[in-house]
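Participant: Next up is a structure, given as structure tokens.
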Amino acid sequence: PGEAIAAPSGAFERDPQESSTTDEELSRAGSPGGRGGGTTPDYGEKRLPQALIIGVKKGGTRALLEAIRAHPDVRAVGTEPHFFDRNYEKGLEWYRNVMPKTLDGQITMEKTPSYFVTNEAPRRIHSMAKDTKLIVVVRNPVTRAISDYTQTLSKKPEIPTFEVLAFKNRTLGLIDASWSAIRIGIYALHLENWLQYFPLSQILFVSGERLITDPAGEMAKVQDFLGLKRIVTEKHFYFNKTKGFPCLKKPEDSSAPRCLGKSKGRTHPKIDPDVIHRLRKFYKPFNVMFYQMTGQDFQWEQEESEK
């Protein structure tokens with residue numbers, strides 16, 4: 001399968017419709033009282049992050065970030081700094097300044113899902129700190145691609161249909177792997193790049209599906225991986241039937257629970273079943289390769305045979 005998807009030039013360029021974080025938002029995020037994780041204390045110091053959520057787009061990274069920010073020993077930037085892909089020339093001091101202040105023993109974190117598919121990101125992160133812990137939220141690549149397309153469609157209603165964009169040649173059934181919505185889901189390909197710099201023991205793979213069906217279970221793994229006490233547990237979540245996924249309760253229980261915004265849980269457009277079948281076939285060898293590389297079976301094929 002490797003030959004079929006030699007990286008086309010520009011495949012990793014940013015989709016123009018992807019939301020971008022402005023410098024102003026970032027300076028607010030790092031300032032006291034900014035969105036640096038709960039209430040940012042006016043004491044402590046700004047540190048470079050020791051852990052990063054590096055992917056994947058439309059996998060469940062926002063849900064994971066919000067859940068881990070409920071932990072008292074974690075401080076995280078609410079906005080995406082995009083340092084290792086778009087802002088690298090601004091330097092580490094700029095990056096440190098974007099971070100919230102932390103006390104000794106607290107972990108500084110940020111999430112930028114596009115890092116996972118950025119060729120230079122592993123080398124750049126490794127040169128910042130080779131012991132950085134990396135978290136990747138993955139989900140079934142077919143549903144991830146449709147979710148990605150749905151997000152773009154909500155901003156640009158005039159774009160072609162998913163079916164048109166997914167194929168180089170519909171008659172021959174040739175999938176267009178240069179389209180970012182499809183390319184991001186070839187996880188094995190991107191992971192190879194990271195394993196050149198980081199051992200598998202420094203990367204945690206979180207199931208986007210289980211983050212919905214068993215958020216506390218997945219969060220237990222995340223807290224263990226980060227060396228934190230298991231403080232974020234079942235009592236932090238409740239299932240929102242309207243949204244179709246869990247929401248985070250405020251620890252005080254009195255205030256309103258925090259659910260993800262309108263941009264999450266959008267209804268997907270109906271996609272031709274034949275296209276979905278062809279996409280499943282396309283992804284299957286890559287999924288198997290990914291399971292072998294990570295030593296984890298995410299059961300995406302099983303999940304589909306049950307439908």
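Keep in mind that glycine also has a Cβ here, set from the backbone N, Cα and C atoms.
Residues annotated as region 'Disordered' in TrEMBL: 1-46. Positions annotated as domain 'Sulfotransferase' by TrEMBL: 49-284. Residues annotated as active site, for sulfotransferase activity in TrEMBL: LYS58. The annotation 3'-phosphoadenylyl sulfate binding site is assigned in TrEMBL to LYS58, GLY59, GLY60, THR61, ARG62, ARG139, SER147, LYS264, GLY265, ARG266, THR267, HIS268. If you look up TrEMBL, you'll see CYS247-CYS259 marked as disulfide bond.
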Participant: Within 10 Å of the Cβ of THR267 (3'-phosphoadenylyl sulfate binding site), how many other Cβ atoms can be counted across all chains shown?
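Facilitator: Its Cβ shell of radius 10 Å holds 7 other Cβ atoms.
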Participant: How does the model score the domain 'Sulfotransferase' (49-284) in terms of mean pLDDT?
Facilitator: 93
Participant: Do any of SER147, CYS247, CYS259, THR267 (recorded positions) have a CA within 10 A of LYS58 (active site, for sulfotransferase activity), and if so which?
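Facilitator: Neighbours among recorded positions, in sequence order: SER147.
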Participant: Among the recorded positions LYS58, ARG62, which residue has its Cβ surrounded by the fewest other Cβ atoms within 10 Å?
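Facilitator: Per-residue Cβ counts within 10 Å for the recorded positions LYS58, ARG62 bottom out at ARG62.
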Participant: Let's check the environment of CYS259 (disulfide bond): how many other CB atoms sit within 10 Å of its CB?
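Facilitator: Cβ-Cβ neighbours of CYS259 (disulfide bond) within 10 Å number 18.
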Participant: Can you check which residues sit near GLY60 (3'-phosphoadenylyl sulfate binding site), meaning Cβ under 8 Å from its Cβ, same chain, 6 or more apart in sequence, and list them in order?
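Facilitator: Once residues fewer than 6 apart are set aside, GLY60 (3'-phosphoadenylyl sulfate binding site) is near VAL137, ARG139, VAL206, GLY208, LEU211, ILE212.
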Participant: Going by a 10 angstroms cut-off between Cβ atoms, which of the recorded positions SER147, CYS247 has the sparsest surroundings?
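Facilitator: Ranked by other Cβ atoms within 10 Å, the recorded positions SER147, CYS247 bottom out at CYS247.
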Participant: Going by Cα-Cα distance, pick out whichever of the binding-site residues ARG62, SER147, THR267 is nearest to CYS247 (disulfide bond).
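Facilitator: Nearest in space to CYS247 (disulfide bond), counting only the binding-site residues, is ARG62.
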